[in-house]
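Features as listed in Swiss-Prot:
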- Asp60, Arg68, Arg133, Lys163, His164: substrate binding site (BINDING)
- Asp174: site 'Important for catalytic activity' (SITE)
- His176: active site, proton donor/acceptor (ACT_SITE)
- Asp247: active site, nucleophile (ACT_SITE)
Amino acid sequence: MLLIGVAGTELSAQERDWLQHDAVAGVVLFKRNFGSRSQVVELSAAIRAAAPRPVLICVDQEGGRVQRFREGFSALAPLQSFGAQYAQAPEAALAAARAHAQLMASEVRASGVDLSFAPVVDLGRGNRAIGDRAFSDDPQIVATFTRAYVQALHGAGMAATLKHFPGHGTVLEDTHVDHASDPRPLEALQAEDLVPFVAGIEAGADAVMMAHVVYPQVAPEPAGYSQRWIEQILRGQMGFRGVVFSDDIGMAASFSAGGVAGRVHAHLDAGCDVVLVCHPELVAESLQAVQGRRLNTAALIGLIGRGALGWDGLLAGTDVSFTTPHSAHFGTTA
């Protein structure tokens, strides 16, 4: 199955045709797709109307610098702000993270979007792409926040996606623009980077997004192209039974599998349920690549939201004062 990107704030005729394809599981929305809150509601409805089956609509609404919907939405704190508070006030920090998850999920669902790919459970150890998206550099602290965040997302009716498996936070390279390799053995990863993923899976996380990072002491290919990582470790050893997403095949670190078709097949062959094709110019070739493949069409049904909440009153029960420990404006709508 493919999650595709679309070009703008309205669907084109070609994009409506793409949504008719059996392999299209849904759409990933970006800043380019956002004009206003009401426009996102209309776009989400148009996507569902164009598809002959239930589809998944997703976004990255993590908070901080990775927040695709801004005007009319709460300005959410980066996850690192909660980790920074934890040493002095752990219970308040966890309460803030739970409120952050509930508020984010409620606003996203009220816009007709099923899920935000969240939470980031990578360790905050200097990666250029992760940065303040991570809760902490301490595996146990990240694990504690992961449990709280997953539970809060579920309480707001949103599925939880752990990313980026098996851990993107320690390598320095940004896989959007460069290849990345982590030389540590599996035992070191199990003692550190995998700890939050174990916690998230135990908390009932619904999905995992793979990293485009190579761990050569474990497998020779990037994790998202690796049966060893997906089938043997994530599913076999760690017991994960949910949906496995690739990261975007338009990222530079994905190019090791060759062209567009090669990347799509490599992810599916490795055990990914869903391949992210975020760049519209790659969609047609990706659809051609999956012609004739057996696809896991049932995998995503559990991720589709439980029905959008109305925007009026969506904050009921949410203590917005906990959306950030540092700045009150993060808890109010912009």
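Keep in mind that glycine also has a Cβ here, set from the backbone N, Cα and C atoms.
Source: prediction; values computed, not measured.
Structure with Swiss-Prot features highlighted.
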{"residue": "Asp60", "record": "substrate binding site", "Cβ contacts under 8 Å, 6 or more apart": "Phe30, Val66, Gln67, Arg68, Ser116, Phe117, Ala118"}
{"residue": "Arg133", "record": "substrate binding site", "Cβ contacts under 8 Å, 6 or more apart": "Glu62, Gly64, Arg65, Val66, Pro78, Leu79, Gln80, Val120, Asp122, Gly124"}
{"residue": "Lys163", "record": "substrate binding site", "Cβ contacts under 8 Å, 6 or more apart": "Phe117, Ala118, Pro119, Val120, Val121, Asp122, Val208, Met209, Ala211, Asp247"}
{"residue": "His164", "record": "substrate binding site", "Cβ contacts under 8 Å, 6 or more apart": "Val120, Asp122, Met209, Met210, Ala211, His212, Val213, Asp247"}
{"residue": "Asp174", "record": "site 'Important for catalytic activity'", "Cβ contacts under 8 Å, 6 or more apart": "Asn127, Arg128, Ala129, Ala180"}
{"residue": "His176", "record": "active site, proton donor/acceptor", "Cβ contacts under 8 Å, 6 or more apart": "Ala129, Met251, Ala252, Ala253"}
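Between the recorded positions Arg68, Asp247, Asp247 has the most other Cβ atoms inside 10 Å of its own Cβ, all protein chains included.
Pairwise Cα distances among Asp60, Arg68, Arg133, Lys163, His164, the recorded substrate-binding residues, top out at 19 Å.
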